[in-house]
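J.: Below is a structure I'd like to ask you about.
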Amino acid sequence: MMTKVGEVLLLLLLPAFVPHTDGTHYSLPGKPTEIKCRSPEKETFTCWWKPGSDGGLPTTYALYYRKEGSDVVHECPDYHTAGKNSCFFNKNNTLIWVSYNITVVATNALGKTYSDPQDIDVVYIVQPHPPEKLEVTVMKDQGWPFLRVSWEPPRKADTRSGWITLIYELRVKLEDEESEWENHAAGQQKMFNIFSLRSGGTYLIQVRCKPDHGFWSEWSSTSYVKVPEYLHREKSVWILVLVFSAFILLLLTWLIHMNSHSLKHCMLPPVPGPKIKGFDKQLLKSGKSDEVFSALVVSDFPPTTSNYEDLLVEYLEVYMPEQQELMVDKGKDHDGCLKSIGSASDSDSGRGSCDSDNLLMDKSGAPKEEQQQQNQEGDQIGKETQGPKEAWEKEAMPCANEDVVSPDASSEKVKTWPSVFSPVTPYSPLDPHNSLEMHKQHCLSNTQFPPGSPSSDHYIKEALQSSYWEVCFNNNQPYPQTEVHPQLQAHSDRNISAVNDRNAPTGLLLPTRMTEYVEVQRVNEENKVLLHPIPSGHSREKACPWVGQRDDYSKVKGVDSDNGLLLQREVVEEESMEMAGAAESCYTSSIAFTTPKQTACSPVALPVQDERVLAVSGYVDTATVFSVHT
């Protein structure tokens, strides 16, 4: 007890006497700092601290800890295993998932100094040791080298049992150059390959590791490796490639420089200047814009006073058929017609209506001369062959030059021969005889002329002088002429239609001079009524002596209000039948009725007994004969 009191007194008196003895100053030790604890494998851990000043006196350090949930303070179990200013906790003193409260105390002759307390958990303070046995090998893959790096985990890390799991990272850099490290994450594998190496370069390689929850370990020792030269054989190839590339680049540069002007014009074409006629650029530059614009503006535009009718242009459209469209085409209807002079047009195309009664084609020139020649030749032949019939032929020729058109036949087409016709004259109500001639068309029957016969022209001329005439009332055109008479037929086809059916009945009246009779001869095998005129009593025997005498004859009485032909029955003495063999010298004509069947001049007529109506007064009404079925 007395010793302890003496020690205390000594310590109290010592500071008072020490400064006076050697002139030094003493103080309490400094506070320990930077306390850290690390566990390399989660089984043991070590704590380090940094000591403070000792105060001029010998100072000792002690580590005290207290476990979580306990008030018992424990001192460090081992100050020597981990080195100076450290404390090592072995497996017996290490617990995981338990927090440790650690405090370091510095003590000297003047007193004690306590550090700040530090709480640690062994699980989160794990920092393993660096990997061991680092090896680097140069490998080749298809002639290209690469580095294969391998290592082993720290010896104290129990990675096999899974107590601790480590991940690795390595870094590589060239030795000759002061370049930065190139880091590569390797994961949990203990081998890694490095590609894209420089030929002949030396590389430095290091590896480190860390647990799932913890800190990276220190870098392992550096491993050096040199990559062999693997591009020495290709140096010449690369040199050649560079030379050729430079040559091509130089050539392209020279071509671009030589063609720079053309290229400039191609990519950047020049902007054309103003090309306005009368544009003065000097006036524009001087700022006199009014004068420039006044030179460009046209005076009196738009025109204030102008006869716009002068600007209109009238066009005259003339319809000219190709190669006489009136020529008959076999098996076809002919609708071509020319617009006659002085006739009104019924359409904007300039083509006259084919339904007008005045649209007859006016022949001139050679056709007229041909008509005159044919008429003269016909007269001569008629005089030589048919001399006894002169009186009757002269009276029959006006009828041969006329066309009988029914008022009901509005769509009838009559075939004519120009050799016996003159131009059609306009209708005049004062001249009924001329109006009748204007509206009639003569139609000769060519049934007796075989196609292509050389004497057809001669027969036609003789028939024109005959005392018989034939009228066609059908809707179909007669059979066309053969190729022997193409020119005659081309100039002779005329299409004539009645004017508005019944609008002009007076123009169709028969001549007022009722001196000519019509004899009903017979009905032939084609159902045609054969008639022949009887101008006088003595000429009738001369006209056709072979004709048999009948008990009844028909006299043209007139035309009734319905435009029907009225024939008067009359008894005449019979003539002898001795001249019956002379039938070849007479040419008969017939009034044909409308049927679908075609003949040489007109279709086969309907039965005559169905077309005639005998009136009570003794007249034969043939109005139905001339009415055409539409």
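Cβ coordinates come from backbone N, Cα and C, glycine included.
Remember, it's a predicted structure, so these values are computed and weren't measured experimentally.
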J.: Pick from N92, N495: which one does Swiss-Prot list as N-linked glycosylation site?
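T.: Of the listed residues, Swiss-Prot records N-linked glycosylation site for N92.
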J.: Determine, on the basis of Swiss-Prot, the cysteine among C37, C76 paired with C47 in a disulphide.
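T.: Cross-referencing Swiss-Prot, the cysteine bonded to C47 turns out to be C37.
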J.: C87, C209: which one closes the disulfide with C76 in Swiss-Prot?
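T.: Of the listed candidates, Swiss-Prot names C87 as the partner.
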J.: Using DSSP, tally how many residues of the domain 'Fibronectin type-III 2' (130-230) sit in helix, strand and coil.
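T.: Helix, strand and coil residues of the domain 'Fibronectin type-III 2' (130-230) number 0 helix, 52 strand, 49 coil.
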